[in-house]
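*Asks:* I'd like to ask some things about the structure below.
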Amino acid sequence: MSSFVPNKEQTRTVLIFCFHLKKTAAESHRMLVEAFGEQVPTVKKCERWFQRFKSGDFDVDDKEHGKPPKRYEDAELQALLDEDDAQTQKQLAEQLEVSQQAVSNRLREMGKIQKVGRWVPHELNERQMERRKNTCEILLSRYKRKSFLHRIVTGDEKWIFFVSPKRKKSYVDPGQPATSTARPNRFGKKTMLCVWWDQSGVIYYELLKRGETVNTARYQQQLINLNRALQRKRPEYQKRQHRVIFLHDNAPSHTARAVRDTLETLNWEVLPHAAYSPDLAPSDYHLFASMGHALAEQRFDSYESVKKWLDEWFAAKDDEFYWRGIHKLPERWEKCVASDGKYLE
């Protein structure tokens, strides 16, 4: 493979050639990768160009068609965040085919900031802060009457990249805590981890394969699979000694009516969780935070190697690790109440 990397116009000309050879966008992408390496456009970009070719538009130049309405741009960016709100500015810029500075400006205009590795509103409005505060007050009041942390089962999703380069420090304002952000290879393979756990450890997890997503139907089946794992690993629930208290976020696939019906059938109690609150979700502030550091500079060559690494990583964590993640909740609820619902640092 030579060191030559085609520019945008050259790459698009190659795609026209592939299009007329009746190649698919995916096949064309594989040919580009084989010839020029991983710096070529993503499959999604190739698919977008193929759609243009099918409509008869074979112009490979970036033309100004008039600036689209700002709300359209924001909707496009928001759609990417809805798909994966842990993406970096660079990843977002590459998908939108704009500069990283443009994404940074738009995120700022949309009022977004990264908290616990996820993009959330920079400035919560009064109603959002009040909801967070009220929710935490209710949970604290209940906890002080009688602890229920041992009954919490929580879970979430996280992208795992086959190649995760060295973590880079982020730049923050004076007085603000420094953070480190993994900058994975946008063009590399990745798999989505869906994991559920409690104070004693991991109960069940799945790795989604290429093209799979968490929609309502899949999430329903995941809950059924989780329930089966609970019956095997936590017999106290099968004996009805305890009722599951389920903590998950407000993603659309989690709040669909069909999912609510499934949770009701399972007789699980759903713990209140305010929107825009990754700082109050144990998977985000504890499990994934620790996992992210361990994943830095990891390289996987297959789906099976990712699974093997996860099995070993989960098993290497002692009971204290999982216990601590769940039992941090009251302290975080208190801090949220004390700050009138603002984000925790």
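Just so you know, glycine gets a Cβ as well, placed from its N, Cα and C.
Here the structure is a predicted model, which means the values were calculated and not measured.
Marked as Mg(2+) 1 binding site by Swiss-Prot: Asp156, Asp249. Taken from Swiss-Prot, the feature Mg(2+) 2 binding site applies to Asp156, Asp284. Marked as region 'DNA-binding' by Swiss-Prot: 1-112. Annotation comment: Swiss-Prot describes 113-125 as region 'Linker'. Residues or ranges marked as region 'Catalytic' in Swiss-Prot: 126-345. What Swiss-Prot lists as site 'Important for base-specific DNA-binding' is Arg48, Gln100, Arg118, His293. The site 'Critical for target DNA recognition' annotation in Swiss-Prot covers Arg186. Taken from Swiss-Prot, the feature site 'Important for target DNA recognition and for strand transfer activity' covers Arg186.
Explain the structural surroundings of these features, please.
*Replies:* Taking a C-beta cut-off of under 8 Å and a sequence gap of six or more, Asp156 (Mg(2+) 1 binding site) has these contacts in its own chain: Cys194, Val195, His248, Asp249, Ala281, Ser283, Asp284, Phe288. According to its DSSP assignment, Asp156 (Mg(2+) 1 binding site) is in a strand.
Each residue in the region 'Linker' (113-125) has a pLDDT score, and their mean in this model is 60.
The secondary structure of Arg48 (site 'Important for base-specific DNA-binding'), as reduced to three states from DSSP, is helical.
When other Cβ atoms within 10 Å of the Cβ of Gln100 (site 'Important for base-specific DNA-binding') are tallied across all protein chains shown, the result is 14.
Under DSSP, His293 (site 'Important for base-specific DNA-binding') is assigned to a helix (H, G or I) in the three-state scheme.
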*Asks:* For Asp249 (Mg(2+) 1 binding site), which of the three DSSP-derived states applies: helix, strand, or coil?
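*Replies:* Note: Asp249 (Mg(2+) 1 binding site) is coil by DSSP, not helix or strand.
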*Asks:* So for His293 (site 'Important for base-specific DNA-binding'), how many other CB atoms are inside 10 Å of its CB?
*Replies:* 10
*Asks:* Between the Cα atoms of Arg48 (site 'Important for base-specific DNA-binding') and His293 (site 'Important for base-specific DNA-binding'), find the distance and write it as a whole number of Å.
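*Replies:* With the alpha carbons as reference points, the distance is 35 Å.
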*Asks:* Fewest other CB within 10 angstroms, which one of the recorded positions Arg48, Asp249, Asp284?
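*Replies:* Ranked by other Cβ atoms within 10 Å, the recorded positions Arg48, Asp249, Asp284 bottom out at Arg48.
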*Asks:* For His293 (site 'Important for base-specific DNA-binding') and Gln100 (site 'Important for base-specific DNA-binding'), determine the Cα separation and express it in whole Å.
*Replies:* 24
